[in-house]
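TrEMBL annotations:
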- 4-66: domain 'J' (DOMAIN)
- 142-224: domain 'CR-type' (DOMAIN)
- 142-224: zinc finger (ZN_FING)
- 155-162: repeat 'CXXCXGXG motif' (REPEAT)
- CYS155, CYS158, CYS212, CYS215: Zn(2+) 1 binding site (BINDING)
- 172-179: repeat 'CXXCXGXG motif' (REPEAT)
- CYS172, CYS175, CYS198, CYS201: Zn(2+) 2 binding site (BINDING)
- 198-205: repeat 'CXXCXGXG motif' (REPEAT)
- 212-219: repeat 'CXXCXGXG motif' (REPEAT)
Amino acid sequence: MQKDYYKTLGVSKSATQAEIKRAFRKLAQKHHPDTGNGDEAKFKELNEAYSVLGDETKRKQYDKHGFVPGSGAGPGGAGRGQGSYNWQDFSNANINFEDLGGFGDIFETFFGGGRTGTRTKSQRGADLETRITIDLKEVITGAERELGLNKWAKCSHCRGEGAEPGASIKTCPICHGSGKVTRATQTMFGSFAQTVVCSDCRGQGKVPEKKCTKCNGHGRTKKLRNLKIKVPAGVQDGSVIRVTGEGEAAEFGGKSGDLYLHIVVKKDPRFIRDGNNLLTEISIPFYEAILGAVSKVSTVEGSVDLKIPAGTQPGQIIKISGRGTPVLNSLRRGDLLIKVNVEIPKKISSAQKKLLEEWDGKRGWF
C-alpha cells in the first residue's frame, strides 16, 4: 500500500519546505523514543516521510510516482529490512538542534553532537579556592597569611609560549590556523559534520617548530607558589576575596584563572557579632544597679572601665561607641553593646534583711 507522507507529517501537498520542516520537528519531539512517552514506530515513520519530503528532488519523484525510485522500497512496501525506511536518507533532514528546545540534547546523543560550532572558546586557566581562618581580633586589626600553592604556573623557560627559546611559531598544519577541525560522524541517521577544537594546537591555531623541553609545549609547569595574603579589617565571616590571576596558569600563554579565598571568622564566646556591632553581657549586684558604679568590661582589645548609671534596670543596654569591628574599607567602627544583668542574692544576712526592711518602709520617700 502506498504511504501518504504528507498525511504522516500532517501537512498539505502544497506545503512549503519551511512548513514541512516545522511539522517534522514538532512531531519528532513528541514521538522520540527517549522522551518517555515516545513511539519508536511512529518516530521511524516520521523520519522516513521527512527524508523524502524534506528533499526537493525526492519530493518531486514521490509526487510523480508515489515512491522514490532507487530507495529500496517500491509502491508495494518493504526494502532494506527496515520497512521502506532508508536510514541514510535522514542525512538530508538538516535539523537545527537548537530549534528543538529541550529535546536538542536528546537528538545530539543520536547525531554525535551534530551542532556545528562557529567559534573556538578562548582557553583560560582554572580557578582555585582555599579557606583562611581568622579570629575576632584579626577582624579588627586585619590579618596576613602565607599560602603555599602547588599549581600550574607559566613555564619560565618558554614564557608560556610552548616553544623552545629561539624556535619559531608556525600555523597549525592540521586546522590551518583556525583552531577548529570539521569531522564527519556516521550514525544510523546518516553522516553529519561536527566542528571541534583542533587537538593538535588545542584551538590556538599555531604550533611551535620545536616544543619547549621543560613543559613539552604546553606553556606551563607545576610549581610551588608562595603568596602573602592580606585580609582587610572588618571582613565578615563567609566573605570571599578574589585574587586576580593567581589561579592555575592556562596552556599556551592563555589567561590565568583566579584564586578565591573563603574567610572563616572563629567564634569568640564573649561576643556576638551583629554587622559591625559587638554584643556582650556583664552581671552586677543589685545595689550597684541602684547606686551606680564603675565596672570592668571586656572588649576584643582588652578590659575597659564602664560607668553604670544609678538606677540601671535589668537587661538595660549600655553602649561604648567605636569599640565594635571596623566598617570594611573605612576608618569607622561599630559599637560595643553591653547588656546589664542584675544579680539578686538568694540568701542574705539578718542585718542585710533589716536594712532592706527599713528601706522598704521608707520607699515612699523616693
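Just so it is clear, glycine is given a Cβ too, placed from its N, Cα and C backbone atoms.
Remote same-chain residues near the repeat 'CXXCXGXG motif' (198-205) are listed as 120-121, 123, 171-175, 177-181, 251-252 (criterion: CB distance under 8 Å, separation of at least six residues from the stretch ends). Secondary structure by DSSP for the repeat 'CXXCXGXG motif' (172-179): 0 helix, 0 strand, 8 coil. Within 8 A of the CB centroid of the Zn(2+) 1 site residues CYS155, CYS158, CYS212, CYS215, the other residues of that chain are SER156, HIS157, ARG159, GLY160, GLU161, GLY162, ALA163, GLU164, LYS211, THR213, LYS214, ASN216, GLY217, HIS218, GLY219, ARG220, THR221.
Close to the recorded Zn(2+) 2 site, the chain also has PRO173, ILE174, HIS176, GLY177, SER178, GLY179, LYS180, VAL181, SER199, ASP200, ARG202, GLY203, GLN204, GLY205, LYS206, VAL207: residues not among CYS172, CYS175, CYS198, CYS201 whose Cβ is within 8 Å of the site's Cβ mean position. A distance of 21 Å separates the Cα atom of CYS155 (Zn(2+) 1 binding site) from that of CYS172 (Zn(2+) 2 binding site). Less than 8 angstroms from the CB of CYS215 (Zn(2+) 1 binding site) sit CYS155, HIS157, CYS158, GLY162, THR221, each of them six or more residues away in the same chain. Around the Cβ of CYS201 (Zn(2+) 2 binding site), 26 further Cβ atoms fall within 10 Å across all displayed protein chains.
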